[in-house]
Amino acid sequence: LKCKKLVPLFSKTCPPGKNLCYKMFMVATPKVPVKRECIDVCPKSSLLVKYVCCNTDKCN
């Protein structure tokens, strides 16, 4: 699985056990990702921060 990084055109191959890509952004600015990474369990969104997780290559 490869997940996008914050830098455009770069991606990261996920280590074993981390089979989700996620994108984190502030609810106030949904078009501007704050973090993009590999993760094992999708974090819960809050009032300020939203997480979008997926399990296909570069879907974040």
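A Cβ is built for glycine as well, from the same backbone N, Cα and C atoms used for every other residue.
Copied over from Swiss-Prot, here are the features:
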- Cys3-Cys21: disulfide bond (DISULFID)
- Cys14-Cys38: disulfide bond (DISULFID)
- Cys42-Cys53: disulfide bond (DISULFID)
- Cys54-Cys59: disulfide bond (DISULFID)
Nearest to Cys54 (disulfide bond) by C-alpha distance, among the disulfide-bonded residues Cys3, Cys14, Cys21, Cys42, is Cys21
Closest of Cys3, Cys21, Cys38 to Cys53 (disulfide bond), Cα positions, disulfide-bonded residues only
Cys21
Other than its own, how many Cβ atoms are within 10 Å of the Cβ belonging to Cys14 (disulfide bond)?
18
Cβ neighbour count within 10 Å of Cys54 (disulfide bond)
15
If you measure between the CA atoms of Cys14 (disulfide bond) and Cys21 (disulfide bond) and round to the nearest Å, you get 8
Within 10 Å of the Cβ of Cys21 (disulfide bond), how many other Cβ atoms can be counted across all chains shown?
26
Which ones are near Cys38 (disulfide bond): of the disulfide-bonded residues Cys3, Cys21, Cys59, which have a Cα within 10 Å?
Cys3, Cys21
Taking the Cα atoms as reference points, how far is Cys59 (disulfide bond) from Cys21 (disulfide bond) in Å?
7
Taking the Cα atoms as reference points, how far is Cys42 (disulfide bond) from Cys21 (disulfide bond) in Å?
9
By a simple count, how many Cβ atoms lie within 10 Å of the Cβ of Cys59 (disulfide bond), its own Cβ left out?
16
Surrounding CB atoms that lie within 10 Å of the CB of Cys38 (disulfide bond), all protein chains
19
Cys59 (disulfide bond) in three-state DSSP notation
coil
